[in-house]
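**Q** Marked as transmembrane segment by TrEMBL: 6-26, 38-60, 80-102, 122-140, 166-184, 191-210.
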Amino acid sequence: AAAATALSSYVGAGVAIVVLSTKLKVRWSSRIPKVKELLPFLQISGALLVSSVLAGLTYSGTTRVVNSSGSVMESAAHQIGLQTWWFLSYFATPLALAAQSIAPRELAEGRPSIAKSLTNRIIVMSLTVACGVGVTNWALPTFVPAMFTQDAAVAKTLQSVTLKAMVAQVLITVGSVLDGVYIGTGRLRQYLFAGVSSTIVAWTMLYYGVGLQGAWTALVCLGLSRTLVNVGGLPRLYHKLWLLQSGKEKWQ
């Protein structure tokens with residue numbers, strides 16, 4: 001499985017390079033770019049890297065907390081719940097990517113009103129998707145446990161955290177899409193602040209948490225804090241878009 005995952009990643013990256021090079025007519029050069037030229041890319045990639053590392057450490061921390069309880073049933077249930085949670089979380093990725101690509105294009109072309117309208121639609125759509133994946137995360141283990149395991153004890157243990165999994169799924173979905181909105185509109189500080197602050201909250205809960213319940217409580221707190229911080233940043237975002245729309249500021 002690990003080899004297949006690594007191989008598929010390299011193949012996907014290779015295909016993407018070939019396709020983009022062909023469509024964009026990229027000319028390959030041996031010249032090493034200067035740091036000044038790479039700075040805009042490093043700012044975005046650096047923020048994404050920090051956030052991804054923190055998220056990965058948090059998810060790994062939940063597994064450690066569950067395993068430290070010594071319960072085989074809880075460890076098995078957590079792996080099933082986390083994999084289901086991961087799978088459903090990808091449904092929000094297209095919205096986050098849309099926000100990252102469409103908003104800067106419209107802003108660069110001097111159409112902040114369209115960027116604002118699209119941002120509003122993406123946020124509303126994220127709420128719909130969040131509710132859908134959240135209910136799915138709760139319903140499948142509750143009503144169709146045989147999809148995940150034939151062990152009745154593991155299924156019952158998994159069902160004990162389905163409500164928390166649903167809440168965490170909804171919150172993280174909305175928070176992730178808002179992350180994409182902030183990246184697309186160039187508000188990387190807000191994006192990093194949401195990621196770092198929510199990670200601190202989650203790590204605090206993991207430190208005091210015990211077993212399966214403690215791990216999923218931490219994930220709920222991760223999603224809640226991330227979403228609240230991102231929602232709290234929306235007034236500044238809309239004020240920025242208003243300034244651009246009124247011509248008082250220019251997009252850089």
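Just so you know, glycine gets a Cβ as well, placed from its N, Cα and C.
Caution: TrEMBL annotation is automatic and unverified by curators.
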**Q** Look over the recorded stretches 80-102, 122-140, 166-184 and say which has the most C-beta pairs under 8 A to the transmembrane segment (38-60).
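**A** Ranked by Cβ pairs under 8 Å, first place goes to 166-184.
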**Q** For the transmembrane segment (80-102), give me same-chain residues lying six or more residues beyond its boundaries with a C-beta closer than 8 angstroms to one of its C-beta atoms, as numbers and ranges.
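**A** Non-local partners: 59, 62-63, 115, 118-119, 122, 125-126, 129-130, 132-133, 136-137, 140-141, 148-149, 154, 158, 161-162, 165, 168-169, 172-173, 176-177, 179-181, 183-184, 216, 219.
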